[in-house]
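Structure first, then comments.
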Amino acid sequence: MAAPAPKQEELQPHAVRDQLPSVSYCLTSPPPWPEAILLGFQHYLVMLGTTVIIPTALVPQMGGGNEEKARVIQTLLFVAGINTLIQSFLGTRLPAVIGGSYTFVMPTISIILAGRYSGIADPHEKFVRTMRGTQGALIVASTLQIIMGFSGLWRIVVRLLSPLSAAPLVALVGFGLYELGFPSVAKCIEIGLPQILLLVALSQYIPHLAPLLSTAFERFAIIMSVAVVWLYAFFLTVGGAYKNAAPKTQFHCRTDRSGLVGGAPWISVPYPFQWGAPTFDAGEAFAMMAASFVALVESTGAFIAVSRYASATPCPPSVMSRGIGWQGVGILLSGLFGTANGSSVSVENAGLLGLTRVGSRRVVQISAGFMIFFSILGKFGAVFASIPGSIIAAIYCVLFAYVGMAGVGFLQFCNLNSFRTKFIMGFSLFMGLSVPQYFNEYTSVAGFGPVHTHARWFNDMINVVFSSKAFVGGAVAYFLDNTLHRRDGTVRRDRGHHFWDRFRSFKTDPRSEEFYSLPFNLNKFFPSF
């Protein structure tokens, strides 16, 4: 018997949506308070990964021990809470967590290896002097984003973005962090793999098998899975499973090896210049400014992903520029407080919006409260910060994938039957992965980047720019999309440019007022265009 002919509506492609459907709570619709508090704590738990990983890698090289590492983590957490609140009230007003950034690690290591610190014998003195050097570089680097954001220069750049050029940028913001995923899971596979399997099962399968509990499993899968696997890792530790294991295995698998609980004070309030007066070096400042520019581009892609998962309309260029300006202020605060790292949009928290389908601004503001609270009560915050890295990496495998797919989703606005579209998307993605791979491989073998002149600051500037997958892929797509066959009449529709026309100005779409206007009637004094 022949199958029935498909209905006419079944043959139609899926409708294009400028706001993502099926989101439970959008940007301006907060969940009930108990649920919002639990979701806020989950955001805090997710952002802890980067907050712990970066100081754990940098502080020992700076000469610091567990006590210094705990204080730097507290400071980074405290500044992240302040920056997240600033961004949600005065910046883009999107539910974006502003935390530490891997982009700033390379110029920071360059400062650590500077010759003027090599002769310092006392480890603590070396740590303090190095920290003050990074503070000075961050303070100078912050001016780049502050000027480009508040002057409106970045607004001009963003106005030329189309769905086609945004797709590889946003995709590589997520997929480009693949090195932080399974390679880190494999460092303790007996903990990392169960975390991946349990998280996928709780968030994707169980809600369909138990419809009455679907909401709880969809929204709190990370809290549930981390609690179970962390307890499992604790039992492995106390049971002696790693008693005779190699030191590296013990560091990655044991739940008592971070040194944070012992090193953290009970109560401590981070404050500006707590390490002393910043020191300034022109070359190091230029290298850090290059990292700041890369972080600016990456954060633009992350903001676009956040607006998508918050079920908001595309962020108007003037609002994006305003957000970048306040992110520059965030980097300035990082320099003043001494975090040894700059600030940018947390990619993992952007992915969490997609996993939970909750894009509420209030939830992220609550998470900022948790960041500040646990940064002051050091011992309590250190307990959560001691979660094994393989568990965090397993979470990244899911959350970074969500951010990457937010970028792929913008192809719905483009003509995928156009060879121009295929070339720009394919070439930019390939180069975005291939060029940084070359720079990273070269550095791992030779100990320095492909650009190796006598000017160390110039080497750092070039190497940090071309080591960012999102920056390289996004720049290639942006250039090709704005130069290739621009005079062709069909190109404008093929690249999806016409779908975003009404969002290129703040006032051309009435929903922009709902999502992006400043609180307390501040739009009268700081209008958006």
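Glycine is no exception: its Cβ is also placed from the backbone N, Cα and C atoms.
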What range among 171-188, 423-440 does TrEMBL record as transmembrane segment?
423-440
Range annotated as transmembrane segment - as stated in TrEMBL, picked from 41-60, 281-300:
41-60
Among the ranges 96-115, 192-214, 220-242, 363-385, 460-480, the one whose Cβ pairs under 8 Å to the transmembrane segment (41-60) are most numerous:
363-385
Tally Cβ pairs under 8 Å between the transmembrane segment (192-214) and each listed stretch (96-115, 363-385, 391-411), then give the stretch with the top tally.
391-411
Please give the sequence-distant neighbours of the transmembrane segment (96-115): residues at least 6 beyond its ends with Cβ less than 8 Å from one of its Cβ atoms.
43, 47, 50-51, 54, 57-58, 61-62, 76, 80, 83-84, 86-88, 130, 133-134, 137-138, 177, 180, 281, 284, 287-288, 290-292, 294-295, 298, 302-303, 306, 323, 327, 330, 339-346, 349-350, 364, 367-368, 456, 460, 463-464, 467-468
Contact yes or no, the transmembrane segment (363-385) and the transmembrane segment (72-90), 3+ Cβ pairs under 8 Å, gap 6+:
yes
